[in-house]
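The structure under discussion appears below in the form of structure tokens.
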Amino acid sequence: MVFGAYSVSQVIFSVISGKFLTKIGCKFIIVSGLFLTGGATVLFGCLEKSPGGKVFLILSILIRMVEGAGFAAYLTSVLAVVVKTFPENPGYYVGLTETIITVGMIAGPPAGSFLYLLGGYHTPFVVFGTLIMLTASASVWTVNTSSDNQSREKPSALTVQEYLHILKLPATILSILCVTLNVVADAFILITLSDHLQQFSLHPLEVGCVYLCLFISYAFSSPIAGRLADKLKLEYILQCVGSLVLVVSFMLIGPVAFLPLSPKVWLVTVGLLLKGFGAGPLISCSYSACLRSARQKGGLPENFRTYSLVSSIVSFSIPLGNLIGGFTAGVMLEELGMSWSTTIHAFVFASLAVACLFVHFFDKLILPTKEKDPTEHTPLYISILDEKIRNGKPTSQLNCHDKELDYQNFDELSNDATQQTANELLETLLKSQGVY
């Protein structure tokens, strides 16, 4: 119940923080989220001083819910800030963020164990909580919010209509499925693998090394998959490949019921390595696929509002997967056993691979394009137009592939479109001259 409360809180507050990210601003949400997480971590270390029974249970649930709310707030904001800072390579930098998170997951258990031996139960919580709050203080100076709201209109929260609009896109539904199902699979492995490994009579250090295979392979594959997605623009194909790798992974971990194999340590180890490699495309490519579809197929502008919308959807899917996986893992293992449980997971990811191929062809051949890819715009045009807007000067002529663009009425155009960003103004001007 305590662990479930953490995931439920994340699910709720990932949507809330995403909705108000454009109105409140990313700096405030990141800083407040980190302070909530750090403070809740310190308080959790003080629970050994609380009364037992129902009081202890209620305090544990409340503190974990506060911690989950803080984590959801800063994760949603960080994803939006990362993509705002590196708009040309969203997949790579989201993948790199996942790598950093994975490094923390690898380093956390041994560091926590050392601190526990050094000072008892409360020490790791107090130390880590204090470090998180120090990070929050540093974020006040390091997070740049100068371009959160590029238009001249008053900042407003995301609307239900905007969420419904992006949820109509197949890429959005596929991204939610990819992220959620991958996290469900992670939860299943983390909960059930220790029982599965007991039959091999491994030393605790050897068990830790087996678990490590999952994290290390994911840390490498996530940024690589994101880089490939940014370069090739084939997110759905990469997601399909990642899903098929996960099929093979679960076939080995079980092994699945229809293979004449008996469980072996090396099979589990190889399966975990493949699980990490396959998970990379499912996470990194989901963000870039959802963002690119929102711009090209949904007609949404290239601005912080769109980044916040996509970030809240992706960050919502992660705790949703943890919540579903936490409830289903134990039931599946107890009722079906490891072999049939992994068979079901293999079938689910095989179905996901088919869905990725379907969305790829549907998105490419059937779904109409509403807006050109903003990466096709030459950055030189944007910088020139930005300079004219900042200086308030009209532009008479601008060379564009040997075409003379007459901008004598630029001031009048900018006054009529005060709510547009520099990119949108530039697109309007170029279209009026028949450049594209």
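Using N, Cα and C of the backbone, Cβ positions are placed for all residues, glycine too.
TrEMBL entries are annotated by machine, without manual review.
Here TrEMBL flags 1-371 as domain 'Major facilitator superfamily (MFS) profile'.
Summarising the annotation, TrEMBL assigns transmembrane segment to 24-44 (among others). Within its own chain, the transmembrane segment (24-44) has Cβ neighbours under 8 Å at 17, 60, 63-64, 66-67, 69-78, 80-81, 125-126, 128-133, 135-137, 139-140, 143, 145, 148, 155, 304, counting only residues six or more beyond its boundaries.
For the transmembrane segment (56-83), same-chain residues at least 6 beyond its ends with a Cβ under 8 Å from one of its own Cβ atoms are 1-3, 5-14, 17-18, 21, 26, 29-30, 32-41, 43-44, 47, 50, 90, 93-94, 97, 143-144, 287, 291, 304, 307-308, 310-312, 314-315, 318-319. Taken from TrEMBL, the feature transmembrane segment covers 56-83 (among others).
Same-chain neighbours of the transmembrane segment (95-119): 78-79, 82, 127-128, 208, 212, 215-216, 218-220, 222-227, 280, 283-284, counting only residues six or more beyond its ends whose CB sits under 8 Å from a CB of the stretch. Positions annotated as transmembrane segment by TrEMBL: 95-119 (among others).
Cβ atoms under 8 Å from those of the transmembrane segment (125-145) belong to residues 25-27, 30-32, 34-35, 37-46, 81, 85, 112, 115 of the same chain, restricted to positions at least 6 beyond its ends. For 125-145 (among others), the entry in TrEMBL reads transmembrane segment.
Look at TrEMBL and you will find 166-193 (among others) tagged as transmembrane segment. Here the transmembrane segment (166-193) has Cβ contacts under 8 Å with residues 210-211, 214, 235-236, 239, 242-243, 246, 250, 253, 268, 272, 275, 279, 282-283, 285-287, 289-290, 292-294, 297-298, 300, 309-310, 313-314, 316-318, 320-322, 324-326, 328-330, 332-333, 338, 341, 345, 348-349, 352, 355-356, 359, 362-363, 367 of the same chain, all six or more residues outside its ends.
Per TrEMBL, transmembrane segment is recorded for 205-224 (among others).
Beyond the ends of the transmembrane segment (236-259), by six or more residues, the same chain brings 171, 174, 178, 182, 185, 189, 193, 196, 225, 228-229, 267-268, 270-272, 274-275, 277-282, 285-286, 289, 338-343, 345-346, 349-350, 352-353, 356-357, 359-360, 363 to within a C-beta distance below 8 angstroms of the stretch. Residues or ranges marked as transmembrane segment in TrEMBL: 236-259 (among others).
Non-local neighbours of the transmembrane segment (265-287) in the same chain are 79, 83, 90-92, 94-95, 98, 174-175, 178-179, 181-182, 185-186, 189, 193, 196-197, 200, 202, 210-211, 213-226, 229, 235-236, 238-239, 241-246, 248-253, 255, 310-311, 314, 317, 349; each lies 6+ residues outside the stretch with a CB under 8 Å from one of its CB atoms. Residues or ranges marked as transmembrane segment by TrEMBL: 265-287 (among others).
Same-chain neighbours of the transmembrane segment (307-332): 3-4, 7-8, 10-11, 14-15, 17-19, 21-22, 68, 72, 75-77, 79-80, 83-84, 158, 162-163, 166-167, 172, 175-176, 179-188, 191-192, 286-287, 290-291, 294, 300, 341, 344, counting only residues six or more beyond its ends whose CB sits under 8 Å from a CB of the stretch. The transmembrane segment annotation in TrEMBL covers 307-332 (among others).
The annotation transmembrane segment is assigned in TrEMBL to 344-362 (among others). Away from its own ends, the transmembrane segment (344-362) comes close to residues 170-171, 174, 177-178, 181, 185, 188, 234, 236-237, 239-240, 243-244, 246-247, 250-251, 254, 256, 278, 332, 336 of its chain (Cβ-Cβ under 8 Å, at least six residues beyond either end).
With a threshold of 8 Å between CB atoms, the same-chain residues lying at least 6 positions outside the transmembrane segment (205-224) that come near it are 92, 95-96, 98-99, 102-103, 105-106, 109, 186, 189-190, 193-194, 197, 265, 268-269, 272-281, 283-284.
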